[in-house]
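Chemist: Below are the features listed in Swiss-Prot for this protein:
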DOMAIN    36-234  domain 'Lon N-terminal'
BINDING   Gly387, Pro388, Pro389, Gly390, Val391, Gly392, Lys393, Thr394  ATP binding site
DOMAIN    646-828  domain 'Lon proteolytic'
ACT_SITE  Ser734  active site
ACT_SITE  Lys777  active site
Amino acid sequence: MLEEPIDALETEFENALNSLEDNQLSKINGQLPEQVHVFPLLRRPFFPGMAAPLVIEPGPFYEVLKVVAKSDHKCVGLVLTRSEQAEIYKVGFSDLYQIGVLARVLRIIPMEQGGAQVILNMERRIKIEKPTSETKTLKANVSYIEDDPILTTELKAYAISILSTIKELLKLNPLFKEELQIFLGHSDFTEPGKLADFAVALTTASREELQDVLETFDIRKRIDKALILLKKELDISILQHNINQKIEATINKSQKDFFLREQLKTIKKELGIERDDKSLDREKFEARLKERVVPSDVMKVITEELEKLSVLDMQSAEYSVVRGYLDWLTTIPWGIYSQENHNLEEAEKILAHDHYGLEDIKQRILEFIGVGKLAKGVRGSIICLVGPPGVGKTSIGKSIARALNRKFYRFSVGGMRDEAEIKGHRRTYVGAMPGKMIQALKYCQTMNPVIMLDEVDKMGKSFQGDPASALLEVLDPEQNAEFLDHYLDVRCNLSEVLFIVTANVLDTIPEPLKDRMDILRLSGYIMQEKLEIAKKYLIPRNRKEMGLKALEVSFTQEALRSIINGYARESGVRNLENLLKKILRKLAVNIVREQEEHDKEQAKKKKSSRSKKPIAFVPTKHSITPSNLKDFLGKPVFTSDRFYERTPVGVCMGLAWTAMGGATLYIESIKVAGEKTVMKLTGQAGDVMKESAEIAWSYVHSSIHKYAPGYTFFEKSQVHIHIPEGATPKDGPSAGITMVTSLLSLILDTPVLDNLGMTGELTLTGRVLPIGGVKEKLVAARRSGLKVLIFPKDNLRDYEELPEYIRKGITVHFVDHYDQVFKISFPNKHQMKLC
């Protein structure tokens, strides 16, 4: 900081500079010092002929400035540092360029925060000859470099070119005009060296480029370098000018549009036809309501919200909330219903056209249509389709909507954990919106659509609520007539909606939810059904999608059977369709290759004899047979469901039912030497199956005297029961009679009847209880080639409901006690010997 008062310093500086006045300037000009103080410059060098300000901060250089101001010559040397990052107070002569300028102090203006602003006039080029002081400040002997005064024709041409370039710059940047006036006051354009220095000083060239010009003493080379830098500056100024023009044009257009809109508003107000955005919003909402029959309680809410909208400021946050709320309220199709199709014959054709089989579901939809026709309208229903993946649960929903002439909306609830997805969010939350039910009505624009809730058995729970519980109100015919969405907060009638729910299993669906649904089971398809589906639906559809024709590609009946048996044994037809697509894609590649080869041959023939007409391409007919199937699909994935062609002792085949459909299940028993009679169970059996094994073990212990009097088996051996495919978890009670039969086969050392399968839950007293999945198990038995089956007697009604083509070719015995199972399993009991 300055120690002396600012006024005193300024007076001192003025007194020191008075020597520049009153004809003493010429005297000083003749007294160029041989030794000067040197001030380092960091950013860019100065050139002779310039006048420029320089800020001197408090410190050593400020003290030097005081000394210079009191000297006779009042001159300092200004030299550029070699590095722009140099520390100004630690710079030595080795850190400076050798060429700089001599600057004369014209005026010193002290600053309040300390230091001073110095107005300098650049006099001459100088060269640092010999440093004389390098302690706190820099001082050196200097020599002066004079320009050659001779003006050649070439230099004159260069000068004219520089002047014309400067004129162009003045047009683009008026700021250069002031600097040009200062130069004209101190210099003459007939001196090309000074003109080059001035031109370079106008540019924004790098410090190294400027220093290079400063160190160029040859006037011809200097003016050439100056012209190059000046041309670069002109190019930059032109580019900057174009950018500014574009920006100004955009701004001016926006301002013009704004003023025109304001004028238009003013004119409309004067004419009485002004309508702002708020009025337009209100008119839009009111226009929607004219097309709808809105319930009175909902209309009351809409009216209140419209009044609130009219008094709110459009810029307020609440305005957008109210506007969004009204948008939803007026978009719901209040009182709008699709005209239903009550023609049974037409509906039956649509359902038959889209899907093969599924008679239970088709019959249920026809019942729905029939009741609607007689009752002049029918309330919505809730149908639950349960079955393994790929059997057509989702696609049948679209067909049902088409058959009823209703709009269709599907969404998956699998993995859903937030009840707000069903019932909506409260309007107080940011980004709130109605639930899926209201969204479905808005999308369909009718109050009686078909809404499908896919994968309802895979819903989850979280701290955000239980979506399954939220569905209780939606799927209850007695409650959904007054469904309340959290966002709308008004009653909405869902009683006309036909809900279709799909699931793979019922076990994970809560009982209250199951109780509200009409459950229809879609069992897996058997061979005959898959063949018909492939021929009538899958092959024609995919052949058309891939641009293939029926004459080009065909499948034999045997090939389709081989695909189903060897590659696609799952209950549905999704994997079967993927395999057919794979075959068709490979055939498409083959046909395209044939066509390319044909085109090449035709092109060659056309070159050799131009007169011949090209022959049209006729693709080779491709027929898929069992012999060439491996070329498309590789080796078969499945060989046989049966481990044994002839059932050995201690082995019995059971029937299982999973989410993927029916399957066969072997129960194997062997005896192991041991001191104690113990039963061991392996094969990833669940808790229920373990209990079934214990029941079977106890039943055999208590009843063996009936089947093999006088046996001593349990006194000698331990028993190990195993369920093959140990990596697959298994559970359920239906293997009870199978386990008993396996144990008795082991004890009696007699195999069970060949091609026999059984299923049924067993009690400790030998009663056989009913099981589930009759159709699925029958399909699995047919796939495995079983000829005789044993089912619980209580499942007879399920069996009789099955189509004849599923029951045909298999003998089924219905039993209610294990004694009957024993007689069927071991028909030659009188020939058995005891072990």
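A Cβ is built for glycine as well, from the same backbone N, Cα and C atoms used for every other residue.
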Chemist: With Ser734 (active site) as the reference Cα, tell me which of the binding-site residues Pro389, Lys393, Thr394 is the closest one.
Modeler: Pro389
Chemist: Hey, of the recorded positions listed (Thr394, Ser734), which one tops the CB count within 10 A?
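Modeler: That would be Ser734, with the most Cβ atoms nearby.
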Chemist: In whole Å, how far does the CA atom of Lys393 (ATP binding site) lie from that of Lys777 (active site)?
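Modeler: That separation, Cα to Cα, works out to 20 Å.
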Chemist: To test your reading of the ATP site: which residues beyond Gly387, Pro388, Pro389, Gly390, Val391, Gly392, Lys393, Thr394, same chain only, put their Cβ within 8 Å of the Cβ centroid of those residues?
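Modeler: Nearby residues not in the site list: Leu385, Thr502, Asn504, Leu522, Ser571, Gly572, Arg574.
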Chemist: What Cα-Cα separation, expressed in whole Å, is found between Lys777 (active site) and Pro388 (ATP binding site)?
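Modeler: Lys777 (active site) and Pro388 (ATP binding site) have their Cα atoms 13 Å apart.
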Chemist: Using DSSP reduced to three states, classify Lys393 (ATP binding site) as helix, strand or coil.
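Modeler: For Lys393 (ATP binding site) - judged by DSSP and reduced to three states - the answer is helix.
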Chemist: Looking at the binding-site residues Pro388, Pro389, which sits with the largest number of other Cβ atoms within 10 Å of its Cβ?
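Modeler: Sorting the candidates by Cβ neighbours within 10 Å, the top entry is Pro388.
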Chemist: Cβ-Cβ under 8 Å from Gly392 (ATP binding site), same chain, 6 or more residues apart: which ones?
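Modeler: Result: His355, Leu358, Leu522, Gly572, Val573.
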Chemist: Counting only residues 6+ apart in the same chain, whose Cβ is under 8 Å from the Cβ of Gly387 (ATP binding site)?
Modeler: Lys393, Asn504, Arg521, Leu522, Ser523, Gly524, Ser571, Gly572
Chemist: Enumerate same-chain residues with a sequence separation of six or more from Val391 (ATP binding site) and a Cβ-Cβ distance below 8 A; give 'none' if the list is empty.
Modeler: Leu522, Ser523, Gly524, Tyr525, Ser571, Gly572, Val573
Chemist: What is the total of other Cβ atoms whose distance to the Cβ of Gly390 (ATP binding site) is within 10 Å?
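Modeler: Counting Cβ neighbours of Gly390 (ATP binding site) within 10 Å gives 21.
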